[in-house]
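J.: The structure is given below, and queries will be raised subsequently.
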Amino acid sequence: MSGAAMSYPRSPWRGALPPMAVYGQHWARWAVGVNSLTARLRAASSSFRVELLGQGRALPLRDEWRCLGLPRAAETLAREVLLICDEAPVVYAHTIVHPRSVAADWPFLRALGTQPLGHALFADPRVARGAFEFALLDGRHPLVKRAHAALGGTPPGAMARLPARRSVFRRGVSAMLVTEVFLPALAVFDPPPMM
């Protein structure tokens, strides 16, 4: 995680799925599930685990801070993990929340460690999920660079694009932005029926 605000030429995020010819039907089936992605990944694999890459204070990306309702870029608590199915990293997940709201509305976050965030969010009836936004992120996007660094590889060229989705969770008066980048290894796992 970087302590400096990251910029990217323009926001790739859209409220509708990209066309199937671009996004791919397989990826779309993973992206549109309304329930916990963690539960769906567990159902699609024989083993599942979370690898915590880092958690700490960081400035949000340029297209993120407004999602939290912040008037300007301000330090957030950021959490980055890999979701791993059958020992293959299949999702890079990036979460940000304003630090002041952690104690009041997201008290579990600081001690979550390698436990899945999705389980905590979907088990709490006071948490509401907002609409999804979707993107195809190319190799220049900071989250793709971080995902490839976590995998120990070199960032792909600007033409390599990874499907991603994000949504805002609300509890009380605070917001949490969760972004999930689908990694190539997810291609071998069939999404379970809509859960």
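Here, residue 1 is simply the first one shown, and the rest follow in order.
Glycine is no exception: its Cβ is also placed from the backbone N, Cα and C atoms.
Worth saying up front: this structure is predicted, and the values here are computed from it rather than measured.
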J.: Check Swiss-Prot: it lists Leu117, Glu180 as binding substrate. Then name which of Arg79, Arg140, Arg146 it lists for that same site.
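T.: According to Swiss-Prot, the candidate sharing the substrate site with Leu117, Glu180 is Arg79.
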J.: Using the CB centroid of Arg79, Leu117, Glu180 as the substrate site centre, which other residues of the same chain sit with their CB within 8 A?
T.: Glu80, Val81, Ala93, His94, Thr95, Gly118, Val178, Thr179
J.: So for Leu117 (substrate binding site), how many other CB atoms are inside 10 Å of its CB?
T.: 23
J.: Within the chain of Glu180 (substrate binding site), which residues six or more apart in sequence place their C-beta under 8 angstroms from its C-beta?
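T.: When sequence neighbours closer than 6 are ignored, Glu180 (substrate binding site) has Leu37, Val91, Tyr92, Ala93, Ala164, Arg165, Arg166 within Cβ distance under 8 Å.
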